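Feature list (source: TrEMBL):
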TRANSMEM  B:6-28  transmembrane segment
TRANSMEM  B:40-57  transmembrane segment
TRANSMEM  B:91-113  transmembrane segment
TRANSMEM  B:158-175  transmembrane segment
TRANSMEM  B:207-224  transmembrane segment
TRANSMEM  B:230-249  transmembrane segment
TRANSMEM  B:254-271  transmembrane segment
TRANSMEM  B:291-310  transmembrane segment
Amino acid sequence: MSAPFEKLPTWVEVGVIPLVNVVVAFLVAGLVVLFIGENPLEAVKILIWGALGFGEGVGFTLFYTTNFIFTGLAVAVAFHAGLFNIGGEGQAYLGGLGVAVAALALDRYVPWWVTLPVATAAAALFGAAWALIPAYLQAKRGSHIVITTIMFNFIASSLMVWLLVDHLSPVGSMQPETRTFEAGGTLPELGGLFHLFGADMGAAPANISIFVALAACVFVYYFIWRTKIGYEIRATGLNPTAAVYAGISTVKITIVTMLVSGGLAGLMALNPVMGDQQRLQIDFVQGAGFVGIAVALMGRAHPVGVVLAAFLFGMLYQGGAELAFDMPTISRDMIVVIQALVILFAGALEHMFRPGIGRAFALMSTSQRERVVAEEERP
Amino acid sequence: MDLTTIVLILDSSVRLATPLLLACLAGLYSERSGIFDIGLEGKMLAGAFFAAAAAYWTGSAWLGLLAAIAASIVLALVHGFASITQRGNQIVSGVAINFLAAGMTALLGQAWFSQGGRTPQLGGDARFGAITLPGAEALRDVPVVGEIYYELISGHNLIVYVAFLMVPLTWWVLFRTRFGLRLRAVGQNPAAVDTAGVSVPFLRYRAVIICGVLTGVAGAYLAIAQSAGFIVNMSAGKGYIALAALIFAKWRPWPAMGACFLFGFLDAVSIRLQGANVPVIGEVPVQFMQALPYILTVILLAGFIGRAVPPKAGGIPYVKER
C-alpha cells in the first residue's frame, strides 16, 4: 500500500492515530443513536453496565471476547503477510466440525482434559485445511485470496448445512445438529473462578477456552516476532518484491500464513461448540469471523491490541444485548453499525486524520514551532 | 420434462437473474475503472430498505426507486471517498460498507417500523407491477411461440426489462464512447490517462456513482418489485453472487448477462429440484446446487476453465507524481 505521508514518531503512529480513528468511529455511532432519537450517553451507560456491571454480564462479555480473540488473531496473522483473510467465518465453521468429530468420538470414554487437546488440534486442522485451498490458489495460480475466501465462506455454509441435515443429526431427529456431547466433551465453565472473587456468573457460558485464546496470543507473538518464518512473513507483507530478492519464497509464506490464520479461526469453535452449546449447530459462528476483521484492524494486528479490541467488542456484544432490552428502539444491530464504523475509520480511512495530526504534532515540537513562529514574524 | 415446465423454470430464472445482473453491471463499471467493489451486497441492501421505506411513506414505487438510488449513491460515495481520495484499502472499505448497510437497515427498520426490522407490506402503486407486452394475450393460445412469449418474455415488471436493456447499453457505453474508452483505460493504466490530461479521480468517481445507481435499482427490485416490502438481510448474498458472476464474465457485459442468467437458472432449478431424483446422478443435495455458483467461480479463478484477469490497476490507489 502507498504511504505518501510524512514520518511521525512511533507513539503517534501506533497510539494517537489509531485512537483518534476509533474515537471518531464511536462518535459517529453516537450520532446514529442521536438520529434514532435516543440519548447516546444514556446508551453508553446502559451498555457498560450491561457488559461489566454484574457477574453474569462479565461472564457473557468474556465468552464473546474469547471468540473475537481467536478470529482477531486469525485476521491479524494474515495482515502481517499482506493477506486479507475474509474467510474466518468459513474456517471457524469447519473448525466446529473438527471439534464435533473429536468430541463425539471421545466424550464417552475420557475426561474433558483428554478431549480438549484432541479437539484443539482437530479444530485447528480443519480450519487450516479450509484455508489451504484459497492459499494454494493465491500462491500458485494467482487467484485473489479475498474473492476465494468469500466464496469459501458460502461453500462452507452449504457444506455444513448438508452435513448437519443429512449426516450428523441423530437418527430420527429433525433438528439440524449433532447429539449433545457427554461430560467428556464439554469444557468447564469459569463459575468457580468467579466465586473466588465473590461473583456469580449465572448462566453465562464463559469457559476455560479463554485460556486457550490467551495461549494463542502468546503463540502468535512468538511466531510473528521471534521466529525466522515470522520475520519472513513480515518482510513479505512490507515489501513482497524485496522479500523475493532476499530469497524468501512467497508461495511458502502465503501458504504457511494462511494455514496458521485458518487454524486460529478454526480454534474459535472450541468456545461455542464445546464450551457453550455442547453440540454442533447450524450457524454457531454468528459473524465472529467478520468481527475478527474489526478486531484486528483496531488492535493493529498485535496480540495485545487484539486482546483489548476483542474485549471491547465482547463488551459491545453483551452490553448491546442489554441495550436492546432497555431501549427497544435500538436493536442489537447497533453493534454491527459500530463494527462497520470501526472497520471504515480504522481501516479504509486510516490516513484521513494523519495530515491534521501531523500538523498538530509539528506545532507541538519546539524546533518546528520556532520555525513556524519565525516564518510568521517575517515581514 | 415438458415445455411448460421448462418455460416456467426459465421464467423464474429471469426473475432471479435480474438483481444479479444489475449488481453485476454495477460492479463492471466500478471495477473497469480500477475500483474493486465487494460492497455490492451492502449497497443493494441499503437500496432495498430505502426503496421499501420511501414507497411505504409516499405510496409511490417511483419515489421508492429514487430513494433506493440515493441511498446507494451515498454508500458508493463513501467507498469512493475512502478508495479514491483517501487512498484507503478498497477491500476493507467494501467490507465496512456491507456491515454498515446490514446494521443500519435493520436498526432503522426497527426504529421506524418496530416490526423486527421489516417494513410494512406494500401494495398497489407502491410496487412495480407486471407489464403485459402488446399482443401477449392474443398470442397466448398459439402453441410454443405463444407460451414462450406470454410466460417468458411478457409479464415481468419494468425493472426486469431495464436490467436486460442495460446490457447492450453498457456494452455501447464502454466500447463505443469516449467516456467508456477512458473508463477502461483508467482501470488499466491510470498514469497514461493522467498524462493525457484527464482527471483520474473524477473518472473514477463517475464510475463509482454509476455503480451506486445500478445497485440502487437492484435493491429496489428486491424490495418493491419482486417482493412487497423489506425484510432483514434480504439481499442474502446476492451481491457476492453478482461479484462471482462478474469474475465469471471476465468483466465483460454480454458474458455478464450469460453468467447472471446461469446463476439465476441454478437458483431456480435448486428451488424446483428440492428432494427430486435426477436420472443417473440420483438425489442432488439442494445445498450443492446453492453452492455451485461459488464453486464454479473458484474453479474459474484457479484458471481451470479459462483465465479471469482483472483490470490491471484494480485495487491500487492512484497517486499522482510518485
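Backbone N, Cα and C define each Cβ position, glycine as well.
Remember, predicted model here, so these are calculated numbers, not experimental data.
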Apart from its near flanks, which chain residues at least 6 from the ends of the transmembrane segment (B:291-310) lie with a Cβ under 8 angstroms of it? 31, 36, 240-241, 244-245, 247-248, 250-251, 262-263, 266, 270
Of the listed stretches (B:6-28, B:40-57, B:158-175, B:254-271), which one yields the highest count of Cβ-Cβ distances below 8 Å with the transmembrane segment (B:91-113)? B:40-57
Using a Cβ-Cβ cut-off of under 8 Å, list the residues of the same chain that are 6+ residues beyond the ends of the transmembrane segment (B:158-175) and lie near it. 14-15, 18-19, 21-22, 25, 28-29, 32, 128, 131, 183-184, 214, 217-218, 220-221, 225, 253-254, 256-257
Intrachain residues whose Cβ lies under 8 Å of the transmembrane segment (B:254-271), provided they are six or more past its termini: 9-10, 12-18, 20-21, 24-25, 28, 164, 167, 171, 241-242, 244-246, 248, 286, 289-290, 292-293
